[in-house]
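The domain 'Major facilitator superfamily (MFS) profile' feature in TrEMBL is assigned to 6-391. For 7-29, 41-59, 71-89, 95-118, 130-154, 160-179, 200-223, 243-261, 273-294, 300-325, 337-356, 362-381, the entry in TrEMBL reads transmembrane segment.
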Amino acid sequence: MNKKIHAFIMYMTVPLAAVTVDIVVTSLPSIKEVLGIDVHLAQYVFTFGVLGFGLGQLFSGFVTDAYNRKTVLISSISVLILLLVGAVITNDIYVLIALRFLQGLAISFIAVASRAVVRDIHDDDEYKNAVNYITIGFALALTVSPMVGSLILTTFSYKAVFVFLIVYSATMLLLIFFSKESNKNKKPLNRGNAVKDLKALFSDTVFIRSLVMCGCFYTIVPIFDTIGSFYVTDVFHYSAIEFGWAEIILAVAWLLGNVINRFLSKLDLHQKTIYSLLVGFIGAVIGFVVFQLIGESDKAVISVMCVIVFVAAILFPLHLGAALVNHGKRAGVANAIVFSGCWIITSFISNMATFLNPHTAISIYSLIVLVLSIALISYIFSMKKLRLTKK
């Protein structure tokens, strides 16, 4: 199979994970009403999917590096389809939450294996560009999928969202069936290899720093998903379609950030990181000030979110590439650990969001300031450690 076609199939497969996690966001108010549950229980339908996705990647990388990537993809997508069928059938919220967690585990194997294939078929220089395509596709899916979910919801019930996922999954399953195997560096699944890989990764200061920072940047949109889905519908009486358009605007902000990152190649990593984080903090402060001066404003909230998402989109692929470029021989594990960290951080922050008031912008801004602060502290600490190591 032609390398470009093979890569394109993987670029289409990677977003399946994001779509599976995020497409339910606009359905949360509907799930709340149909099943007669409270807001926090409905939010768990989203956050438990995130949790399963994050935890699954802790071990899916080792499996992906030990076996054929194609076999892992076919098996995990098949399991996902069965779990999605279960979500269509059940009317029990606790069963649905459990299925969402298991779906998260299944898509962890899909995401890790498909990203590893992309690493397999590109050399180091090509991979730096491929990372940007991966993050663009994944992030667009993460932000556009709620719009798709809202369009489905206007005609059908929330269960139709899971039917859409079944069709998407089956399509990718068919395409992958005709693709070729790419894993030429299989490592037996044993404790020795696992310890060796983990030691190499976690002795790399840049890898650890990038893991934490990518997690912080990645959680910004899910913060808005978790709180914003109820904030804009209950406070501003947005319909599912209108909330979907808000997510589209954030998707455009992410895409622009990725594109601008490509044009800022003359700036080094340090300059990009400091300047971008500064803009992010200024955006959050402006959000607080506007809230105090004019009160709740949907346009102000979405505008500030666009600025912060734009900043995150510049920094995420930059630090993702820094984390992975030196670990080609353990591509599956390295990808898995980074993205597991991203989603565990996202799950933790999203679950924190369920305890906050979903009807005020202060909750959104407070969490954003928290994650940007963690990213900045992580960066400063690692830079000091690297300077000491050089001495």
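Glycine is no exception: its Cβ is also placed from the backbone N, Cα and C atoms.
Whatever TrEMBL says is automated annotation, not expert-curated.
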Compare 7-29, 41-59, 337-356, 362-381 by their Cβ pairs under 8 Å to the transmembrane segment (130-154) and return the stretch that comes out on top. 7-29
Examine the transmembrane segment (160-179) against the transmembrane segment (243-261) and state whether at least 3 Cβ pairs sit under 8 A, considering only residue pairs 6 or more apart. no
Name the range, of those listed as 7-29, 200-223, 243-261, that has the largest tally of Cβ pairs under 8 Å with the transmembrane segment (337-356). 200-223
Taking the transmembrane segment (7-29) as the reference, which of 71-89, 300-325, 362-381 gives the largest number of Cβ pairs under 8 angstroms? 71-89
Where else in the chain does the transmembrane segment (243-261) make close Cβ contacts, counting only residues six or more beyond its ends and a cut-off under 8 Å? 25-26, 132, 135-136, 139-140, 143-144, 146-151, 221, 224-225, 228-229, 232-233, 272, 302, 305-307, 309-314, 317-318
Long-range CB partners for the transmembrane segment (200-223) (under 8 A, at least six residues beyond its ends), listed in sequence order, are 22, 50, 139, 142-143, 250, 254, 305, 308-309, 312-313, 315-316, 319-320, 322-323, 326-327, 330, 333-334, 337-338, 341-346, 349-350, 353, 364, 367-368, 371-372, 374-375, 378-379, 381-382, 385-386, 389
Spatial neighbours of the transmembrane segment (362-381) not adjacent in sequence (6+ beyond its ends, CB under 8 Å) are 209, 212-213, 216-217, 219-220, 223-224, 227-228, 231, 273, 277, 280-281, 284, 287-288, 291, 301, 304-305, 308, 315, 345, 349, 352-353, 356
